[in-house]
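What follows is a set of notes on a single structure, which appears directly below.
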Amino acid sequence: MFITGYAVMAGAAERLVLGYDSFGNICGRKNTPVKGAPLSGQDMTNKKYVFFLNSCSLEMQSLKISSLSLCVSSCPQEQLNSLEDLQSFARNNGSCLCIYNLNISSYTLNPKAAELCPTLPVPPSKSFPLFNRCVPQNPECYSKYASVLISMVNEMDVFHRILSAILAGRDAVIGLSVLALAFSFILVLAFRFIRTLLVHTLIALVVFGLLFVSGVLWWLYYDYRNDPSTELETEKENVKFLLGYAIFSTIVTVVLLSLILVLRKRLQFTVQLFRIVGKIIGRIPLLLFQPLWTFLILIVFWVFWVAVLLSLGTAGTAQTTSGGQVEYRALSGICYMAWYHFVGLIWTSEFILACQEMTIAGAVVTCYFNRNKNSPPPHPVLSSISVLFCYHLGTAVKGAFLVTILRIPRIVLLYLYNILNQKESACAKCLFKCCFCWCWCQENCLRYFNQHAYTTTAVNGTNFCTSAKDAVFILAKNSAKLASISCFGDFILFLGKVFVVCFTVFGGLMAFNYHRELQAWVVPLLLVGFFAYVMSHSFLSVFGVTADAVFLCFAIDMETNDGSAEKPYFVDQELLTLVSQSNKLTEGQKYRSVRPFQDNEDGTELQPMV
């Protein structure tokens, strides 16, 4: 809350998004006066572009362009050779290219007009959407203009370069996030009515997507590397990251194709598993809409987070210089606050996802341990949400915090790896890669046990630590019965997430490839991939959490009851058959011979595990 309040009070994200002139006015909005700057506080609602008075001879001084800049309503499309041309352009287009306090009628009469107007001749320029600047189109002027921007980008720290990249690709990121949402929702509906043909179709699409994206990445890398016009530092970074993306995508493709070949014979078990999960979701249809609520909450939070980040990036004090100009000087300690803000992004996002998992687990537990399968309990999702907010928010916070703790070392290792990559220390880079992979494996294992801890909390109502201990105990005792089929079901869901990410990233590659100039689209592409994965995980986790909750309930059911008339099982015969067929163990015959419970039959209710 402190970071948010400080960012809102001290920051001005509009300066970064819209641009501002030399007198403290933000282009495209109405401004408030700055003390000591008589030309500040003007209404720039219709003046959205920044125009430099000497765009052909710009210089950089401490990350600032030395030329005077103005807010104008349009950029000159043709070359202006005299003050008369400037006057005519202002009258015809309503865009004044001279200092604000110089009247249009005085352009040719005021003896100081040459000092208050742009350097002649004014080259033709075009409004560029990246920085909302009027970019000169004259080849000589453009080369000088671009070289200044190269220097500015190279001298920026990582924090501000990320901000620039986010703003550069904001429209594409939003559009591709919507595309990922559509893919995720289609997959949810497909898994709800899954059949053998659908599984084969999904696998075929994933294989095609992996091969296609890998091929496109290698083609783009070759195209960028051999492009003689690649001069900007951002474009050179794109080439480096394209190589990294291509190598990573190729490795993932090879690994997943190998796993698909090894596990192809267990497809029928996956169909049966998702048929059982679909039956449970059919009893609780609101579970299908749970990801939509989570997605909307995540979108609201992400928009809020980005707004605070932009405010942090523009936090500074306005100081008046000679000639009534205004400079914004950044405050110290902003970068440290930004890192703290980034940790908040991870923790809060994981907390929101944990709340979804607990809601689904609570609804599934209520349905599983219901004796009358033909009469499900009323409003299980709303009841689960109520219990979550009344009793178990701390459990979700602790689980999300543990995931965050393991995520932070990965980020630090990635940052150190980028530093070592520049020094080309092969041994150290290999060590960091191993540590990074280890942290990734630990994080995913923790997610798996967190999910079962949430289910155990829904069953017993115990706190996070007790539930985690009970979940580990029951899983260790029954791992042989449930591991194979559960893992393959998770693998199919993972392929669904890969499908969403592959085709969304492919759309991002095509979108960003059309804007090579001055576009650092590496960070937006990473954001697109991250958002696509989070959204697909949010939607498909309905099936994953439901399946894992059913298996854990099954294991608890086996531990608590014995199938006798006094203690009948809660489980369906179909799930018993699936587990026994999957494991092909001798005790499967015993499970098949167990007398299933009858509707409305009394039995021993579940007790907390010891």
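Yeah, the Cβs are placed from backbone N, Cα and C, and that goes for glycine too.
If you check TrEMBL, you get these features:
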TRANSMEM  172-191  transmembrane segment
TRANSMEM  198-221  transmembrane segment
TRANSMEM  241-263  transmembrane segment
TRANSMEM  284-308  transmembrane segment
TRANSMEM  491-512  transmembrane segment
TRANSMEM  518-535  transmembrane segment
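Panel annotation: around the transmembrane segment (284-308), residues 3-4, 7-8, 13, 166, 181, 184-185, 188-189, 192, 341, 344-345, 348-349, 352-353, 355-356, 359-360, 363-364, 367, 376, 380-382, 531, 534-535, 538-539, 541-542, 546 of the same chain, lying at least six beyond its termini, place a Cβ under 8 Å from a Cβ of the stretch. If you look at the transmembrane segment (198-221), the same-chain residues 6 or more away from its ends with a CB under 8 A from one of its CBs are 190, 239, 242-243, 245-246, 249-250, 252-253, 256-257, 260, 267, 270-271, 492, 495-496, 498-499, 502-503, 505-506, 509, 513.
Here the transmembrane segment (172-191) has Cβ contacts under 8 Å with residues 166, 198, 202, 274, 278, 288, 291, 295, 496, 499-501, 503-504, 507-508, 511-512, 521, 524, 527-528, 531-532, 535-536, 538-540, 542-543 of the same chain, all six or more residues outside its ends.
Sequence-remote contacts of a segment are chain residues at least 6 beyond its ends whose Cβ falls under 8 Å from one of its Cβ atoms, and for the transmembrane segment (491-512) they are 169, 172, 175-176, 179-180, 183-184, 187, 191, 199, 202-203, 205-206, 209-210, 212-213, 216-217, 220, 252, 256, 259-260, 263, 270, 274, 519, 521, 524-525, 528-529, 532-533, 535-537, 540, 543-544.
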